[in-house]
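TrEMBL annotations:
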type     : residues   : note
TRANSMEM : 12-36      : transmembrane segment
COMPBIAS : 65-82      : compositional bias 'Low complexity'
COMPBIAS : 164-173    : compositional bias 'Acidic residues'
BINDING  : E281, D453 : Mn(2+) binding site
DOMAIN   : 328-543    : domain 'FAM20 C-terminal'
Amino acid sequence: MVRQNLGRSTRAIYLTVACLSLALHLLLAIFCLSVLQTACVLPTSSSSSSAFIPRTDTQHRRSVLHSSSSSDASSSHKPAVSPQNEEHHKLDANTLQQRGKHSPSEAPEGERKLIGAGKVIPEGRSKLEALFKHPLYNLPYPELQEDDWLLRVKTNEDAKDSGSEEEEREDTSDSQWQSSSQEEGYDKLTWTSDMETHPPWLRFHLGISRWELYNRKDPNLAQLTQYLATQRILGAVQKTGGTQLKLLLSFPNYGQALLKPMKQSRDAETDVNLFYFSDFERHNAEIAAFHLDRLLGFNRIPPVVGRLINVTAEIREITTDPRLSRTFFTSPVGNVCFYGQCEYYCSTEHPVCGQPHALEVSLAAMLTDLSLAPRRSWRSPWRRSYSRSKLAPWEKDPSYCDKVKQTPPYSHGTRLVDLIDMAVLDFLMGNMDRHHYETFEKFGNETFLLHLDNGRGFGRHTRDEPSILAALQQCCRIRRSTLLRLRLLSLPGFRLSDGMRESLAQDPLAAVAPLLSEPHLSALDRRLATILKVVQACQDQHNDVIYNDLINKLTEEKETQ
């Protein structure tokens, strides 16, 4: 009897354990199925961003972003947004003004949807790729008109209309541009109206439009940087102007690049007692500035790439510049050095030296020749005094921006918010040396600002310079597209430092050492948070902080009727 009872108890225990095991397996299967299903479902923004599918290069070359009019910066050019995109671009004005009081996770629903707050990048996926696929980096553009291109290739019809009969008889080919130069080493090339025959630097020049220096999705951008990093150097002369040493390099197909040499290690911080105008320029700052400008969606810095050159073979032995050649010498430890001639830091006490021949440099693609595309230089309203004792007007007058707003070209159009974009870029990299900026004369005042000469950026990572943001603090004005991108870059999934780290890793010099140290990358995130706090403070005090450059033209027309 006892054995029978024991047998029944044992069977009951076994049955209970089996049921529990089956239940646990079922729960585990359901959990795994739900996880796999979630991983396969496209993010919410992906389905809603079908209207922002990146255009082909040809399509994008016919498009451009126009800015809308505002109370203190009016313009008749505004981006046209298709009806299916309207829900992504149309945000209530009051919602925009209140946005500064919320963290990204607490943002209004419309803006959270546009930014993608809370979106997590899958493990192993490129954050940089995800960033550039985001709707904010793929905004639709209206078509570019003929006058919106800096240069254009003349067709046969154009040549016949403008040329004489004698010129027509001399050249009946397909608008060929054939060099007659007999200089040794240069390629004898025939460039026609077919873009495939153009070298990368020429395609870069032909791609400059009224609203951007280059198209980020243009495959020629990668070809151009590869060209700068690998092409044989035919000539090296010292570039005139400027305060520090710069060289102008020539390549076999008549391309040119601006060289800035390495003068100090990447980790060397600027002395705290040194004035901004007494600092060395950094080759890695020029490279990092190009990548940062691209991450911010500005596209206003010419492509820059790092390169390891041989000082003897690629400069000393090929230069035809006597000012440069006479400054070469060999240091006591056997390194080949030179110092050139310039206003500052061109002496035997401040040489540029190889190790013993290898030298790190930055190479920036040269802009179109001034004879073909003249540029205008503008003195920045927030220019520093460049004196050790005097203050600039904006440093003494808190209401300085009110005067600027009443002065052309800042009294209308987008020039003021363009300048604030530049201040945002400079603050992120700690550049205090922005005394002038340039624009292409052809486009007048309706165009972007060129963000040139960034060698004094990334000098300090332990200290931020709030005065660089004076334009933003005093004017309390910022582009909506700029602000949304800054908020996007503050999210964990799109963190600015992560994007910069990944982007800079693509540069050839990253194989030698990271272009920016980790403290500099961390400083980017810290400074970005500071910018957002300044905007929030502005929104707490003013109602017209946001310059809405994403408004729908059709919507605005309906509201005014």
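Cβ from N, Cα, C; glycine included.
If you average pLDDT over the domain 'FAM20 C-terminal' (328-543) in this model, you get 95. Less than 8 angstroms from the CB of E281 (Mn(2+) binding site) sit Q244, K260, K263, G455, R456, each of them six or more residues away in the same chain. Its own atom aside, the Cβ of D453 (Mn(2+) binding site) has 23 Cβ atoms within 10 angstroms in the protein chains shown.
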